[in-house]
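The structure appears right after this line, and notes come after that.
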Amino acid sequence: MPELPEVETALRGISPYLKNFTIEKVVVRQPKLRWAVSEELITLKNVKIVDLTRRAKYLIIHTEKGYIIGHLGMSGSVRIVPQDSAIDKHDHIDIVVNNGKLLRYNDPRRFGAWLWTENLDDFHLFLKLGPEPLSDEFNAEYLFKKSRQKSTALKTFLMDNAVVVGVGNIYANESLFICGIHPLKLAKNLTRNQCYSLVNTIKDVLRKAIIQGGTTLKDFLQPDGRPGYFAQELLVYGNKDKPCPKCGGKIESLIIGQRNSFFCPKCQKRG
């Protein structure tokens with residue numbers, strides 16, 4: 001599943017080919033995604049793109065008339081291709097612009113979404129989202145206050161988009177390992193010092209992943225077709241039974257909140 005660094009990488013990759021150009025038309029071959037493609041998007045024509053941004057794992061294409069909201073789902077990807085490019089299997093949507101290029105959305109599992117809104121402030125999927133992890137709003141004091149009275153596993157807590165957006169499974173695992181905190185530790189038992197360490201580590205891990213183009217595991221490719229390279233630096237994620245890079249012990253795994261979790265029982269004591 002593309003996480004925040006992958007979406008940020010996609011955003012940076014597609015922006016130069018879309019910003020300040022005009023959408024000539026939108027071609028929708030398969031409207032049945034996680035939610036039906038918005039009718040306003042299907043009929044969109046001759047509208048200028050003025051900006052592209054990201055909120056959580058949503059791509060936002062700002063136009064003169066409103067906003068296109070894209071989510072890559074479990075296996076979706078976007079790429080910039082010439083308008084005469086051959087259509088591949090699972091190429092569901094093309095946003096055609098007036099520079100000879102188009103933005104093509106491919107999604108084998110069809111868990112993504114492409115929606116339209118005229119007002120971002122009232123967009124229903126954004127109303128309960130927490131702060132961006134790389135923003136100043138996400139800080140140690142915020143995390144400490146948010147974690148009080150939360151009797152949930154820390155890893156589950158960090159992956160809650162109402163707490164902070166975009167800290168997905170891969171990056172939660174990596175951050176907890178670096179901080180030496182067990183993923184099953186109750187959120188309410190976090191100390192202020194641990195919150196400080198976690199916030200700084202999450203920001204650092206995400207920044208490094210963005211610089212390296214995101215994590216390539218199964219489905220993610222950058223818009224130009226190159227893979228992300230952060231997977232080469234993963235310390236614990238996907239490394240069950242391999243030696244811990246800190247102590248040499250064996251990395252273990254367990255299921256937390258229906259997601260695979262990886263940790264070193266020696267370096268990450270439960271408490």
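Glycine is no exception: its Cβ is also placed from the backbone N, Cα and C atoms.
According to Swiss-Prot, the feature zinc finger maps to residues 235-269, out of the candidate ranges 60-94, 235-269.
Within 10 Å of LYS57 (active site, proton donor), judged by CA to CA distance, lie the following recorded positions from the set PRO2, HIS90, LYS150: PRO2. Most Cβ neighbours within 10 Å, among the recorded positions LYS57, ARG109: LYS57 holds that distinction in the structure as shown. Here the zinc finger (235-269) has, by DSSP, the following mix of helix, strand and coil residues: 0 helix, 12 strand, 23 coil. The Cβ neighbour count for GLU3 (active site, proton donor), using a 10 Å radius and every protein chain shown, is 21.
A mean pLDDT of 97 is what the model gives for the zinc finger (235-269). Reported as a whole number, the C-alpha separation between LYS150 (DNA binding site) and GLU3 (active site, proton donor) equals 24 Å.
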